[in-house]
Amino acid sequence: MFFSFYHSSFSSLSSFFFSFFSLLLYMLVLLQIFPKNYYEAGTLSIRVIRKNTFNHSYNNIKNIHYIHCGYPNIFNNCRNYYMNNFYNNNLSAPFKNKNNYMHIFFKIVEGNKKKKREHPFFKYLFHMNMLEKSGDKKNTVISKITESCQYGDIRKYMNMKKESLEEGEKNKSGEEYNKHVEQNNIKDEKIHFKDGTFIKSKEEEIENEKGGTICLKKEIQKNVLEINNNTYNNDTKYLSNPKGVTNKSKQSKKEIEKKKKKKNNNNNNNNNNKIKSEKSANDTKNIPPIPKNTEDRWNDYNKIKEYAKISNVYLGAHISASGGVQNAPINSFNISGLAFALFLKNQRKWESAALTNENIKQFEENCKKYNFDKNFILPHGSYLINLANPDKEKRDKSYLSFLDDIKRCEQLNIKLYNFHPGSTVGQCTVDEGIKNVADCINKVHKETNNVIIVLENSAGQKNSVGSKFEHLRDIINLVHDKDRIGVCLDTCHTFAAGYNIKTFENFDNVMKQFDDIVNVKYLKAVHLNDSKSDIGSGLDRHENIGKGKLTMDTFKYIMKSKYFKNIPIILETPDITNDESIYKYEIQNLYKLYFEK
């Protein structure tokens with residue numbers, strides 16, 4: 001009896017010690033595998049499509065990725081478990097009530113809770129890019145990554161997501177799914193990614209949450225697009241940043257409000273840009289492109305030339321000289337321009353490469369090839385030039401650029417050169433600014449031979465010189481060689497400076513005023529622009545013909561008036577077509593105005 005009792009007690013005791021040491025050993029193993037503080041309370045959200053499309057989610061959505069934190073076996077088990085259960089639609093505890101979810105939530109519990117062993121491998125699931133995001137404290141999950149997780153590796157994956165997945169990565173995932181389809185005899189078409197878009201040969205119809213039907217392909221594409229653009233539903237939870245990375249929830253209210261305001265401003269700007277782009281698309285809808293066929297371009301050019309012979313009005317545009325000044329005549333021919341303006345060098349730099357002999361030779365050849373009269377070529381001066389500046393050092397710098405431009409005109413045998421008189425920069429009177437401009441013109445006349453300097457009237461900006469006809473007159477009066485000075489009237493600038501040119505009668509009165517003050521013999525060119533701003537605004541805002549504050553009578557007057565015959569009339573309107581075809585369209589319509597009664 002005693003032996004039996006002893007045997008029983010010993011057996012129980014040994015069983016107890018065996019269990020105890022086994023449990024202790026097991027715990028030690030666990031502690032080795034899962035370091036201290038490895039678990040934390042929270043929820044990890046992974047974006048999927050719907051119950052009906054679970055079979056496609058892993059490969060199609062491409063936002064579920066696994067980051068190996070140091071334990072390959074657990075990592076692989078985790079991945080396999082997830083893949084198998086997901087594909088077979090046999091989802092256990094964390095996936096209950098899946099019928100109504102667009103998101104599946106993986107539960108991760110604290111290590112000191114009873115259910116600490118519940119799906120430990122989900123610790124290895126990370127949504128790419130989620131580590132960069134954090135919400136308020138309620139939504140913050142997995143607030144720190146332990147030493148066992150290599151933050152650098154995670155960062156690398158995050159950057160992959162941020163930069164968008166490589167095409168090879170997408171195709172690899174597609175192949176993985178296709179392999180799964182074959183192995184499991186799933187009755188479905190294979191899939192692949194192309195240019196970031198999910199492609200499927202058959203567009204299945206599935207029932208959506210509202211009871212309607214939706215195209216599977218479109219549903220998947222929508223989700224892929226949302227993920228690539230980092231846009232998620234409000235119920236999506238985000239992983240917070242690892243230790244050492246700033247948590248948004250800890251930011252001050254001021255910073256949060258500031259960021260919200262900035263975001264709203266960006267949204268407004270995006271909306272404005274969208275409206276502008278839509279408006280631009282509507283504006284350009286009826287504008288024909290420049291013909292690709294050279295013969296067609298010659299036919300269009302010859303028509304315009306006939307109109308010019310009848311009207312004695314020579315229209316053109318400020319065109320691109322990209323690739324060299326020799327390309328300007330070609331570009332002008334393409335838009336059927338009989339006159340043109342160009343920059344002889346970079347208009348926003350003080351120094352530019354000199355013209356080569358080849359540039360000069362080809363420019364001459366192209367002018368002859370396309371029958372350009374050099375009296376109708378009007379180069380535009382650099383925007384940096386300010387001859388009215390009272391600061392001698394700065395004015396001398398402007399003068400050297402001014403002189404360089406005019407010498408380039410002489411190299412190309414061009415007769416006219418147009419520039420803005422400049423600004424007093426608020427440091428001298430307008431009269432002093434006028435004298436500075438005239439002194440520079442007199443000086444450049446002595447250093448060059450025959451180029452006519454053409455003063456462009458300004459729009460009336462603060463401290464500007466040249467917005468009033470009297471300014472132009474006073475500069476001319478101070479210039480010694482009157483044969484080498486002239487004026488270019490810009491219609492937008494004239495209107496913005498306060499001269500009413502909206503009707504035939506008003507424009508005619510303005511031109512009589514110009515003749516009385518300046519003398520019409522000095523009118524050497526016109527810049528033809530509509531105006532975005534109203535009369536007297538002082539704003540230099542060019543607009544396409546018929547789209548601004550001026551009227552078609554303004555432009556009809558230009559076409560018919562005696563004041564604008566046999567001088568270059570240059571369009572400087574916005575190139576809304578981005579290929580200069582707008583200028584051809586405007587030139588053709590302007591000649592039509594001449595023939596209207």
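Cβ atoms are placed via backbone N, Cα and C, with glycine included.
What Swiss-Prot records for the Zn(2+) 1 site is H380, H420, and among E306, E351, E456, E470 the residue it adds there is E456. In the record from Swiss-Prot, residues E456, D490, H527 bind Zn(2+) 2; the candidate from E432, E543, E572 listed for the same site is E572. All protein chains considered, the CB of H493 (Mn(2+) binding site) has 27 other CB atoms within 10 Å. Distance from the CA of D490 (Zn(2+) 2 binding site) to the CA of H420 (Zn(2+) 1 binding site) is 11 Å.
One way to see the shell of the Mn(2+) site is to take the Cβ centroid of H493, D540, H542; the remaining same-chain residues with a Cβ within 8 Å of it are A459, D490, C492, A496, H527, N529, S531, L539, R541, E572. For the pair E572 (Zn(2+) 2 binding site) and H542 (Mn(2+) binding site), the C-alpha distance works out to 7 angstrom.
E456 (Zn(2+) 1 binding site) sits 9 Å from H493 (Mn(2+) binding site), taking the CA atoms of both as reference points.
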